[in-house]
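Report on the structure given below.
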Amino acid sequence: AKLAPGRPSAYSTTDSPTPLRHVTSYNNYYEFGTDKEDPARTAHALRVRPWTLVIEGLVKQPKTLGIEDILKLAPLEERIYRLRCVEGWSMVIPWLGFPVASLLKLVEPLGSAKYVEFITAVQPETMPGVRSRVLDWPYVEGLRMDEAMHPLAIIAVGLYGDVLPNQNGAPLRLVVPWKYGFKSGKSIVRIRLTDTEPRTSWMKSAPREYGFYSNVNPEVDHPRWSQATERRIGEFAKRKTLMFNGYTEQVGQLYTGMDLRKQF
Amino acid sequence: MNPALIKPPLFLACLAPLAYYAWGAQADTLGANPIEAVTRGLGTWALNFLLITLTVTPLRKYSGWAWLGRLRRMLGLFVFFYAALHLSTYLWFDQFFDWPAIAKDILKRPFITVGMVSFALLVPLAATSNAFAIRKLGGRRWQELHRSVYLIGILTVLHYAWMVKADISKPLLYAVMLGVLLGLRVWWRVQERNRQLAGAYLPKPRGRIIPIAVKKQASSDGSA
């Protein structure tokens, strides 16, 4: 189903987008299997209607929203973003969505809210992957409040002008382009504002390898592989990975004074 | 069964994985990240052939098909063949022959380190896979050298396990298969040891014992 055309955005990159067939056939969505070809094969079963999103925690107005209301919440924008996976590959994806901030403003965060926790769907009957204990389900991700409120952080509901395919995280998916891809939780059902740093699924799985911030950083290697370069899907030669995935100008100031080696 | 009959078709079958990846790369049927698919595929096949090679001896032993042993060298050389191709894809498509970066990678990344050690250990085995080397080394030393294939198997599975992000089910499956194949060898060794201790290899007395020693004993007794 087509969505209303998104308004072009100044935040879009001019890099040429990765072909749709690659964007929808090469996915990390462990609930649907750990091979990257698995989600495209199995995610069709995901029930995306009805879908409700709960926003709760340190907010003045906790809310439960139906997907239809969320789609009317804010005008959709097209955001063509680079996506850098922690595994060393990257894509360019034309997302359709709206800023996370417009969702959070709705519930009026309290001054004490410091972090935002994103909790994703668990449908054991449609998700073959959750039977195995590869990760601690539900998949949980998190951002600091100022990161979540940053205009680059969006909730995507579509890509390439269409409704978001299930394997890409339908119907609501976080997109944080300056962080490794796994920070962008898929099929979100609950957003919780907290005063303590959320323990994410990957931090629980391998705390030495995955930190809370997980900003794209060519100078801080994954303990088991280098992050200096990446292979853009569809390209033969490797590219140099850019600091904050090339979004330093926009997000660099969020991390002034932090030791990014320690807070990786 | 005549190994001369089975060797040519087996040789071609062993080339099938390479043909699959070569054709797939050319026809663009290897998915969004064909370079990764080729690199991993060739590595997986090196490990597959390692396990197949290690299966020859038990299969020969339990089936009684002695001719199976004559296929082992060729299968073993295919381990080296696929491992060398796998390494080449890493050096070329992954590192683009950036030797300082490669050296850093080998020293810093445990999964690369064990992969490299594993390949380095394969080289002498491939180099001595010929009748000349067996003659030159002598059967016993040749066999001792080639026992390093057990260590190579362990390192290769480790290389695989340390590469994956969270789901170690596939490396684990390989570990179990390798464990069975190596476990069999340990079991045979224990059995062999027990047989030797039980005197299985002492020369068997033939015919009737002529009781000279007994007589001598008796006579010396008598003189006392």
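For all residues, glycine too, the Cβ spot is worked out from N, Cα and C.
Taken from TrEMBL, the feature domain 'Ferric oxidoreductase' applies to B:43-156.
If you look up TrEMBL, you'll see B:1-27 marked as signal peptide. Residues 34, 37-38, 41-42, 45, 48-49, 65, 67, 70-71, 74-75, 78, 82, 85 of the same chain, all 6+ positions outside the signal peptide (B:1-27), place their C-beta atoms under 8 angstroms from a C-beta of that stretch.
Cβ atoms under 8 Å from those of the transmembrane segment (B:43-62) belong to residues 14, 17-18, 68-69, 71-72, 75-76, 78-79, 82-83, 85-86, 149, 152-153, 156-157, 160, 174, 177-178, 181-182, 184 of the same chain, restricted to positions at least 6 beyond its ends. Residues or ranges marked as transmembrane segment in TrEMBL: B:43-62 (among others).
With a cut-off of 8 Å between Cβ atoms, the residues of this chain six or more beyond the transmembrane segment (B:74-93) that come close are 7, 10-11, 14, 17-18, 35, 38-39, 42-43, 45-46, 49-50, 52-53, 56, 102, 115, 118-119, 122-123, 125-126, 129, 149. Positions annotated as transmembrane segment by TrEMBL: B:74-93 (among others).
If one looks beyond the transmembrane segment (B:113-133) by at least 6 residues along the same chain, the residues whose Cβ comes under 8 Å of a Cβ in the stretch are 73, 76-77, 79-80, 83-84, 87, 106-107, 142, 145-146, 148-149, 151-152, 155-156, 158-159, 162. Annotation comment: TrEMBL describes B:113-133 (among others) as transmembrane segment.
As annotated by TrEMBL, transmembrane segment applies to B:145-162 (among others). Away from its own ends, the transmembrane segment (B:145-162) comes close to residues 43, 46-47, 50-51, 53-54, 76, 110-111, 114-115, 117-118, 121-122, 124-125, 128, 137, 168, 170-172, 174-175, 178, 181-182, 185 of its chain (Cβ-Cβ under 8 Å, at least six residues beyond either end).
If you look up TrEMBL, you'll see B:168-188 (among others) marked as transmembrane segment. Only residues 6 or more beyond the boundaries of the transmembrane segment (B:168-188), in the same chain, are considered here, and those with a CB under 8 A from a CB of the stretch are 47, 51, 54-55, 58, 150, 153-154, 157, 160-161.
Mean per-residue pLDDT, taken over the domain 'Ferric oxidoreductase' (B:43-156), amounts to 95.
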